[in-house]
Amino acid sequence: MSIEEPSTQHIAQPQKYVGFDTITTQIENRLLKRGFQFNIMVVGRSGLGKSTLVNTLFSSKLTTSQGRKSPSEPIEKTTEIKVASHSLLENNVRLNINVIDTPGFGDQINNEKCWEPLVKYVKEQHSQYLRKELTAQRDKFLADTRVHCILYFIPPNGQKLKQLDVQALKKLSEIANVVPIIAKSDSLTLDERSEFKKLLQSEFMKYNFNIYPYDSEDLYEEERQLNEDIKSLIPFAIAGSETEIEINGEMVRGRKTKWGAINIEDVSQCEFVFLRDFLTRTHLQDLIETTALTHYETFRSKQLIALKENASNPNRQSQLQKDQGQTSQQSNQDLKNTSGVPNAPMFQSTTGTAAAR
């Protein structure tokens, strides 16, 4: 039996109005009712302004500092995972956001493999999602805790990457969308900032990090150009501020320093606006889709292949069983919520609802 290939279709205009053009409105209405899920992890040493930046990005009080308030406070023994969950409402669009903080990262005397709890957390979220997918009677909409973006905070020291940062960026960029930023860049002069950015960009190329956004043949020309413009800015040199100050008679979000005052929304002084627009106005959906179609799909394929191989050889312990066993054990030890109250089974969080200001 031969199958006739479909011929090139001619695009015709219906003689009368049909109404299928309303499908975009139907999709929009359904999505608006459900809301959108976005999960962002912040990684960096204490004192780099991680909580302040997240609150500034979303113009809401989403998280509080989990680091040491003073040198007299004890250092966290291990890297922890703390999740804060909120719902933001802006112009009838609801964004359900999980902010994943990582107190203790890079703060120990011996920071060897301090990124492992982060890698395990990311993989565990993939593993949970896969288990839900493979359930015989799964929910219509699967709760998504997969990490869509990792903001990696680099100290503004003007030096090459430390081995800790090299290893962490390498491991994390293999499994998630990593966006490096220069924290508290207002501590640098514009010339120092420019030189430091060039140094870090050369370091990224040297170590071949898989930094987001990625190249793709599926992109339109304008999307490809936008990504090139963004890559030229990475790492974003930023400063965050949750307060308003007066500059030239105008109230703006900014910070006062010993050199004067900085308006964080002035692109000549700070790249905060570029980072905000990138994360929320141009690439929010792509971050979510890339997580699902690239990082999760890679994880899923490996796990299903391991399951198949394990089924054909009952005496062999599959990589899936190893990953799940190790990650679940670590989850119970490392993952605490911001209130310190135990919460089962895999990770713990606090929840809240806020309207974006």
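Cβ coordinates are placed from backbone N, Cα and C, and glycine is handled just like the others.
According to Swiss-Prot, the protein carries these features:
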- 34-306: domain 'Septin-type G' (DOMAIN)
- 44-51: region 'G1 motif' (REGION)
- 44-51, Thr78, Gly104, 184-192, Gly240, Arg255: GTP binding site (BINDING)
- 101-104: region 'G3 motif' (REGION)
- 183-186: region 'G4 motif' (REGION)
- 310-357: region 'Disordered' (REGION)
By a simple count of other Cβ atoms within 10 Å, which of Gly44, Gly47, Gly104, the binding-site residues in the record, is least packed?
Gly47
Tell me the coarse DSSP state (helix, strand, coil) of Lys50 (GTP binding site).
helix
How many neighbouring Cβ atoms, not counting its own, are there within 10 Å of the Cβ of Lys50 (GTP binding site)?
28
Compile a sequence-ordered list of residues in the same chain as Glu192 (GTP binding site), six or more apart from it, whose Cβ lies below 8 A from its Cβ; state 'none' when nothing qualifies.
Gly158
What are the sequence-distant neighbours of Thr189 (GTP binding site), meaning same chain, six or more residues apart, C-beta distance under 8 angstroms?
none
Number of other Cβ atoms within 10 Å of the Cβ of Asp186 (GTP binding site) across all protein chains:
23
